[in-house]
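S.K.: Not my notes, these are from Swiss-Prot:
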ACT_SITE  His323  active site, proton donor
BINDING   His137, His139, Lys220, Asp363  Ni(2+) 1 binding site
BINDING   Lys220, His249, His275  Ni(2+) 2 binding site
BINDING   His222  substrate binding site
DOMAIN    132-570  domain 'Urease'
MOD_RES   Lys220  N6-carboxylysine
Amino acid sequence: MPANIPRSDYAAMYGPTTGDRVRLADTDLIIEVERDLTGPYGEEVKFGGGKVIRDGMGQAQTTRAGGAVDTVITNALILDWTGIYKADVGLKDGRIHAIGKAGNPDTQPNVTIIVGPGTEVIAGEGRILTAGGFDSHIHYICPQQIEDALHSGLTTMLGGGTGPAHGTLATTCTPGAWHLGRMMQAADAFPMNLAFAGKGNASLPAAIEEQVNAGACALKLHEDWGTTPAAIDCCLGVADAMDVQVMIHTDTLNESGFVEHTVKAMKGRTIHAFHTEGAGGGHAPDIIKICGEEFVLPSSTNPTRPFTVNTIEEHLDMLMVCHHLDKSIPEDVAFAESRIRRETIAAEDILHDMGAFSIIASDSQAMGRVGEVIIRTWQTADKMKKQRGRLSEETGENDNFRVRRYVAKYTINPAIAHGIAHEIGSIEVGKRADLVLWNPAFFGVKPEMVLMGGTIACAQMGDPNASIPTPQPVYSRPMWGAYGRSVEHSAVTFVSEAAQAAGIGKTLGLAKQTLAVKGTRGIGKSALKLNTATPEIEVHPETYEVRANGELLTCQPAEELPLAQRYFLF
């Protein structure tokens, strides 16, 4: 017969249930379980000696062909833009097969995920499950970035480059069909979904079209190549015709026009605006204004996330290196100083909290840290809770809405912007099983396990020579999904529809599956999730003060952050 047990005992056995609250690492962010799909109480499944998932109990006789899943993640606390709730998650063929209640339908009620003899179990009790992160601003300077990204909880990377060439050190472009081919062939080796952007800086369409046909699934306009109104207009025209996204780094020096001229050249066409605050580059001092445009999908790069007492100082040296500038040339120094403004960086914090900035990415090794996208997102959320208090949208004694808003910034929103939300970006049935499992005490900092296409690619692991997996040193190590031909079947390469239709995978002899992006055009900020605000932004030309709908946006820099030195003693 069922027996009543204390709520604390239940949470220790099966993880938190409806109404329980969980602190995210050492932040002030508190989430509350909204609902629990694993019940009824007393029918939960759990693996282990004397536990439920045994033959004839929680494990049915069902074959894989008969409907049993490949893997079940039991009793996980899902943290997603769609909600914060508890469920079992069934994986099959590398995708999310079902979300609900796992078990044996012959002996248990309400089973929606069949556990069979061919089913593996990942214990999600007391763990948080998120969708894998998507970093949409990558300079492919060195392949070692991928390891750092994966072990931080990222499962998809989009950007451009060919290695430490000077064009790549500054701009996110893989220019030309030949380079695109070499990079896609290299992508076969890595346990990471990869996607490549071509160079969009051209005033005539032929060379841009050539890159999209060669596999570029996005196009990058960068000021170092000349982001003129003519180039903007031409690039967006090709993008509209071929359904790829355009990312833009605008003209810091205002040589070919001001922000108003850039907006005019866009003609209301969808565009992903990189580092929209401006420290990473863009019309000085007021590029931040474009986050109020519906057709602009605004993102931040992570060095300005959040605003701290060290942000300004580190940016000047960072910028000189990244853009091949010379400290002995006064004009180069002036260029650098024009981009770093404490007023706009402070406003950026608040615009994220309002949902006016929609995406956070890294700008890897080119004024950004590839392994800190997730950390800095949650540091920003924590800083804003401390400084601004609860959001008006919150209900109950929790931060669920704020947490859902911020997780969307590195999962579903970049996926929508780049036409791959049908494949990744959230925990929903049918999407790829690119998932991250977290110990709540280490949430946002050090994943416990990362799955690529349903296969464990990395995990916290102890001494391989020990008699059990837990003895020190415990740290994140590559797992079976990161080796051999498993890599080819666990991760994918995203390409344009034109390249997919032409059989780019066969042409280049690619081992990984290629998937086409779609639906990147004609969308606006309103298509993004929980980050749709379009305030009217004004920037004072002399003081750089930022106002949104007339309200001054300012905040103090943080002197101390969570998710920092406490987690990185070694």
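Think of each number as a place in line: the chain as shown, counted from 1.
Glycine residues also receive a Cβ, built from the backbone N, Cα and C atoms like all the rest.
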S.K.: Going by C-alpha positions, which of the recorded positions (His222, His275, His323) is nearest Asp363 (Ni(2+) 1 binding site)?
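M.R.: In terms of Cα distance, Asp363 (Ni(2+) 1 binding site) lies closest to His275.
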S.K.: Which of these recorded positions is closest to Lys220 (Ni(2+) 1 binding site) if you go by CA atoms: His249, His275, His323?
M.R.: His249
S.K.: Where His323 (active site, proton donor) and His137 (Ni(2+) 1 binding site) are concerned, what is their Cα separation in Å, rounded?
M.R.: 16
S.K.: Of the binding-site residues listed here (His137, His139, His222), which is spatially closest to His275 (Ni(2+) 2 binding site) when Cα positions are compared?
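M.R.: Nearest candidate: His137.
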S.K.: Would you mind checking how many other C-beta atoms are within 10 angstroms of the C-beta on Asp363 (Ni(2+) 1 binding site)?
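M.R.: The Cβ of Asp363 (Ni(2+) 1 binding site) has 29 Cβ neighbours within 10 Å.
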S.K.: Name the residue among the recorded positions His137, Lys220, His222, His249, His323 whose Cβ has the smallest number of other Cβ atoms within 10 Å.
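M.R.: His323, out of the recorded positions His137, Lys220, His222, His249, His323, has the fewest neighbouring Cβ atoms within 10 Å.
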S.K.: Including all protein chains shown, what's the count of other C-beta atoms within 10 A of the C-beta of His275 (Ni(2+) 2 binding site)?
M.R.: 27
S.K.: Please report the distance from the Cα of His222 (substrate binding site) to the Cα of His249 (Ni(2+) 2 binding site), rounded to the nearest angstrom.
M.R.: 5
S.K.: When you measure from the Cβ of His139 (Ni(2+) 1 binding site), how many other Cβ atoms are you left with inside 10 Å?
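M.R.: Taking all protein chains shown, His139 (Ni(2+) 1 binding site) has 26 Cβ neighbours within 10 Å.
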S.K.: Using an 8 Å cut-off from the Cβ centroid of Lys220, His249, His275, can you name the remaining same-chain residues around the Ni(2+) 2 site, in sequence order?
M.R.: His137, Thr171, Thr172, Leu221, His222, Glu223, Met247, Ile248, Thr250, Ala273, Phe274, Gly280, Gly281, Gly282
S.K.: Given the Ni(2+) 1 site residues His137, His139, Lys220, Asp363, which other residues of that chain have a Cβ within 8 Å of the mean position of their Cβ atoms, reported in sequence order?
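M.R.: Everything else in range on the chain: Ile138, Gly159, Gly160, Thr171, Thr172, Met247, His249, Phe274, Thr301, Ala361, Ser362, Ser364, Ala366, Gly368.
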S.K.: Which three-state DSSP class does His275 (Ni(2+) 2 binding site) fall into?
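M.R.: Where His275 (Ni(2+) 2 binding site) sits, the three-state DSSP reduction gives coil.
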S.K.: May I ask for the distance between His249 (Ni(2+) 2 binding site) and His137 (Ni(2+) 1 binding site), taken between their Cα atoms and rounded to an integer number of Å?
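M.R.: With the alpha carbons as reference points, the distance is 11 Å.
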S.K.: May I ask you to report the DSSP-based helix, strand or coil state of His323 (active site, proton donor)?
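M.R.: Looking at the DSSP assignment, His323 (active site, proton donor) belongs to neither helix nor strand, so coil.
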S.K.: Looking only at the domain 'Urease' (132-570), what is the model's average confidence as pLDDT?
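M.R.: Mean model confidence (pLDDT) across the domain 'Urease' (132-570) is 97.
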